[in-house]
Structure formats: C-alpha cells, structure tokens
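A.B. asks: Feature annotation from TrEMBL assigns signal peptide to 1-19. Here TrEMBL flags 49-69, 90-110, 122-145, 166-191, 197-215, 227-247, 277-295, 316-333, 373-394, 422-441, 447-472, 479-500 as transmembrane segment.
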Amino acid sequence: MKLFGIVAVIGLLAWCVVAQEHAGSDDGEWPECGSEENAHRGEFTPYDYSALAFMLVVSLGIGVFYGYFVKPKKDADPESNEFLLGSGMTVFPVTLSLTTSFITAIELLGNPSEMFFSGTQYALIVISALLVIPVAVKMFYPIYYKLNLTSCYEYLGMRFDNKLRVFGGILYILQMSFYTSVAVLAPAIALSKATGLDTHVAVALIYFVCIFYSSQGGMKAVVIADTFQACVLAISLILVVALGWHYTGGPGEVFSIAKEHDRIELLNTDVNPTTRHSVYSVIIGGFFYWTSLFCTNQASVQKCMSLKSLNKAKKAIYFAILGLVLVFLFNFYTGLMTFAHYAECDPLRSGQISEKDQLVPFYVMDVFGHIKFVTGIFVAGIFAASLGTVAAALNSLSAVTCEDILVAGVGLKIPPEKASKYAKWMSLGYGVFSFGLVFVVERLGGILQATLTLNGLIGGVTLGLFSLGILFRHANAKGALYGGILSLAFVIYIGVMAQIDGEPVQHLPSSVAACNCTEPVPVNSLASILSNRVDYNVHGDGPVSLALVALDEHFNPAGAGLSTASGDRVLPAMEIMPRDFFHYEMDSSSNATDWIKAPTTRKSARTRVSHNFKVWLAKLIGSKHETEVVSCQLPLPPTNCWI
C-alpha cells in the first residue's frame, strides 16, 4: 500500500505538470531558435531553486534527526556497531536504499547518452542484473549472515588471513574514493549546465550535505535519506518521460525514429573484443560488474546486514534489483526519447553541448525549461541519485577503515563506546579526500566510461578473491594474495594501455539537417579556434562555394597560391558568415583527422550557401575559384561539428 500510494502521488504530479503544459501551449512544437519563448529557456527560476533546496534541506534534516534526537537504545549491545550497521532496519527502506545505491548521476546522464550516440545494445545490461539475484541469495549472503559480519572483508580474514583482509580493504578504499568523486561531479555538471553555477561550487555544496548527514546520522540516516531520495528520483524520471511523451508522440513514434536511424540493436554477436558493445560483453561483463557491486561491495553488504534475518535480506535484494531494472528501462527510454526529439539536430555535433553527458540536462532545459518546477525537480533527481550513493560510500569507507585497516591491520584497540566517534571522523575525512579527487576525475574523460573502467579494474579483482575463497576449498592465503596482486597489475596495465592506445569511440551517424540556428558566429568563439595557423589543402572533388579559398586569396594575397593564413587575419571575415556555412566531418583517408569542408552548392540543400552570401563572395574576389574544393586541417576534438 505504501508503494502504491507513492506511485499514485508521482503519477498525479506528472499528470498535473503535463496538464499545465497543455494549458499553456496549443501544440507540441518547440519554438524556433531565436524566438521569444526560446529566449526564456535555460533559466533556473526561483521555483527550480525551491525544488532543489527542498530536497537538500530534507536530507540535512534527516541527518540532524538521527544524529541529535535519536539516541541508542539503553539495552543495545555495545559490540553491535549500530552507527555503522543501523541494526533493526525494515525491508522497505533498505530495498529503496539498495536500489539507489548504484543509480547515480553516472547512470542518469550516461545511459541516455549511450542510447543516443551508440544505440540500444547496452540495454541488455538489465539481463545481467537479473542474473545476479540467485548468485547473491544462494552463494554470498548466507555466508555473511552465518559469520555475522560488519565488513564483508572480514570474510577474507577468516577464510585466508588478515593480509588479504587489509588488501581487500585498501582496494575498496581506492575504488569508492574515485567512485564517489564521479558520482558528485556528474550532478555538478548538470547543475552547471542548468544554472551557470560554477561546477566546483556545486561540488562543494553536494559534499557539504553528504558529509553532514552521513557523518552525523550513521547508517540509519543514510538508509532513511535514501528512501526519501528514491522518491525524488522516481518523480524526476516519471516527469521527464511524461513530458517527453507529450512532445514526441509516445513510444511508437520514439521507437520508429530510433529504428529509422539505426539506434535499435540488441543482437550484436561480434566477438571482436574491441567492439564497444555486444551481447557477450554486455551480458557476461555486466554480470561480473553487478555481482561485484551487490555481493562484494561494502556499501551494499552493509545495508543488507542492517536487516535482522537472511530472509529479509533476500527480499530486499529481490526487489532492489527489480527496481534497478525498472529505473534503467526508464533511463534507456529517456535516451531514445531524446534522440527522437533531436534526430535531425544532434546537439553535440551542432555545438550546443560540449560533452555527451550534458545531453539530458540540455534536453530538459531546452524543451521543458519554461515549465515551472520541472528543471528544479530534474536537477533534484540528479542530486538525489548521487547523494545517497556518496553518503553510503562514506559510511562504508569508515566501516572498512575502522574494522579492516585500524583493528585488523594496525592492531589498534577501539573502545566500543568510542567506535561511533571514530566512524564519524572517518566519514568526514573521506568526504574531504573524495572532494579533492574530484579535480582528478575531471580529467578522466567520459563520466560513464571512466567509472565503469575503474569499477571493473578493482571490483573484478575483489570479486575474484571472494570467489576463490568460496568455490575452491584448497586455495591458500599465499596463493590468493600473490594472485590478487598479479591480477591487479595485469588489469591496470590493460586499462592504462586502453586509455593511451585505444581508438576514440565512434558514434553512430547523426544529422544536423534541421538545426535552425543560423546566426553569425560570435568573434570570441572563433578566436579560440583560429588562434594558430591554418593549413589549406585543395582537392578537385567538384563544384563548391569556395569560402576558405576566397578568404585565403583576399587576406593573404602575397602568398604562393593556397598556402597558409593566420587566424587573426581570417577571423574578421568569418565573423559575418552564418553558423551553418561551414561544417567539418571525418575524412576516411585522413586517419581520424578533423576537417572543415566548404559545403557543396548542389544535391545537399542543408549545406547550401545562401544566394546573398555567394553574391557577396563574388563581389569580394570574383567567381573564378568556384570550382574547387577546399578543406583545412584544424586541431579540433571530434565531438564538435559546427563552428
């Protein structure tokens, strides 16, 4: 009944917002670029700030309540580590907390962009998540409950020795420190995209809230806050899908457009290991990925161990993974819905966004930004997804440090009555440390890929150690330790070499035919591109409008034909050109070099130069060069298309 009530309220809210949109608009068409309505889009209004502030204040309030008003039971066992385990929790909040544990802004921003740019093959990850259920409830958690563990790495100490326990704890600390940094950076990017607030200011705000309620309230505060944040996340997902349904015409049209543009792919059986996604890599690789997160990750194990019995833990795992699958399906559909909206005007290629992780925030601001509260609820959902994960990570990191590093590794004796105080200081310390790592994570590239790579490297080694101990009776401590170290070195080598020598990710073809922003390009945006010398190369491919040759002849008349021109000389003339006059594309013969090519005047209407511009060009230099093709090599990233 509780769940039904929550879903009913969420559905009613989504319906009300859609009704408001119908009342304020006669049709589902979004305005042309430069229209009065579009001029008001992209602004974070006081309504949006209030929605975001409400979520943050409630999260802080939960920490205050459990930290200062809820006292430990007088008859509680001093050895029970109630601050770390939150003993006595019920199934419902733990289920929601587990569901949101690894549904961070990484997935909310990364999964839709994956559907948009690479197709639906990655959607099979939900199958691998379902396969984790029997492994978790039959293989791992029965052992954890029999041993009554506080930290799952205690098992490694009991099965092998304390060296393995410390080794596993150190790996977990490295893994989750980076993971939390990514989980915070992603919503900060979303907020920065939506409001213009500096990314690092947003990061500091998120860490303040996370550190406060996780360090003050303990595991109970984390789980209850996760429950509230799961509701905010659900409202955000349903609201975006409901409004998107109104604008795109429903699933039938969304899937039709996706199929027309080759976005629907589920049976890629290519065995080439360099293929981005295939049936084997997604299902098999995803199975080990989710198993490591749900079965050998302290953040998940700690929440399950807060339940009184194994049967309750099994129920929580069943419903948590089903909830995870449901959220992922909503998330994948959001990506296809976004593609349906921008099928003929790719925001990345058109230069409206600079990173693919900005796609969904841009979509929400562009299409729904004029509706009260919608942008704020969306950003609050992004924050909610990350806050719970980060808070749980900080709490689990303090548990691992206290139990596995200080007690088991160093031999420090922590009095039971001071254990919670130690844990609080550990949470604070890891929060500050993780905040510092944000500046490192910023340089790792795409958010989703960086996180999956990191979790795969360390999580795979940890899963291997646990599996070795459970499945092989004769495995010993020395073999496990040396094997773990060698495997860690091996996978790090593979990961680093893949980053250094790996080919850039090739996106599926996309169009910019319907982009209707054709204003002159600002001088400042061109100045950053044309600050160095530009080499012009001539190819006789057919008749074109020859702007770059014209510029070179006009501004470099003393040069030997088509040679070079400096950016500061070309810039004044390029200022008057429309945005869509030049586009650059990948030349198959140029070894993945980026080229800017003058658009043709025949066959392709979308790249045709306006008649007025050709008249101006003819007056400037004459028409004798109009039968040459010119391309100029620029040091530009392959993610942008339009200048």
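Glycine is treated like the rest: Cβ placed from N, Cα and C.
Since we're looking at a predicted model, the values are computed, not measured.
Thinking about packing and proximity, how do these listed features fit into the structure?
C.D. replies: Through the fold, the transmembrane segment (49-69) approaches residues 205, 209, 212-218, 220-221, 224-225, 228-229, 232, 373, 376-377, 379-380, 383-384, 387 of its own chain, all at least 6 residues removed from its boundaries and within a Cβ separation under 8 Å.
Long-range contacts of the transmembrane segment (90-110) within the same chain: residues 2-3, 182-183, 186-187, 189-190, 222-224, 226-227, 229-231, 233, 293-294, 299-300, 303-304, 306-307, 312, 315-317, 319-320, 323-324, 327-328, 331, 357-361, 381-386, 388-389, 392, 446-448, 451, each at least 6 residues beyond the stretch ends and with a Cβ under 8 Å from a Cβ of the stretch.
Long-range contacts of the transmembrane segment (166-191) within the same chain: residues 104-106, 108-110, 151, 153, 156, 197, 199-200, 202-203, 206-207, 210, 297-299, 355, 357-358, 360-361, 379, 382-383, 385-386, 389-390, 393-394, 396-397, 400-401, 404-405, 408-409, 430, 433-435, 437-438, 440-442, 444, 447, 450-451, 454-455, 458-459, 461-462, 465, 481, 484-485, 488, each at least 6 residues beyond the stretch ends and with a Cβ under 8 Å from a Cβ of the stretch.
Long-range contacts of the transmembrane segment (197-215) within its own chain (CB-CB distance under 8 A, at least 6 residues past either end) are made by residues 56, 59-60, 62-64, 67, 184-185, 187-189, 191, 221-222, 225, 383, 386-387, 390-392, 394-395, 424-425, 427-428, 431-432, 434-435, 438.
If you look at the transmembrane segment (277-295), the same-chain residues 6 or more away from its ends with a CB under 8 A from one of its CBs are 98, 101-102, 118-119, 121-122, 124-125, 127-129, 131-132, 135-136, 139-141, 266-271, 301, 317, 321, 452, 455-456, 459-460, 462-463, 466.
Proximity of distant same-chain residues to the transmembrane segment (373-394), defined by a Cβ-Cβ separation under 8 Å and at least 6 residues beyond the stretch ends, is recorded for 17, 44-45, 47-52, 54-56, 59, 97, 100-105, 107-109, 176, 179-180, 183-184, 186-187, 190-191, 194, 206-207, 209-211, 213-215, 221-222, 225-226, 228-230, 232-233, 235-237, 239-240, 243, 299, 302-303, 361, 364-365, 427, 430-431, 434.
Listed by sequence, the residues of this chain that lie at least six past the ends of the transmembrane segment (479-500) yet keep a Cβ under 8 A from its Cβ atoms are 160, 163-164, 167, 171, 445, 453, 456-458, 460-461, 464-465, 468-469.
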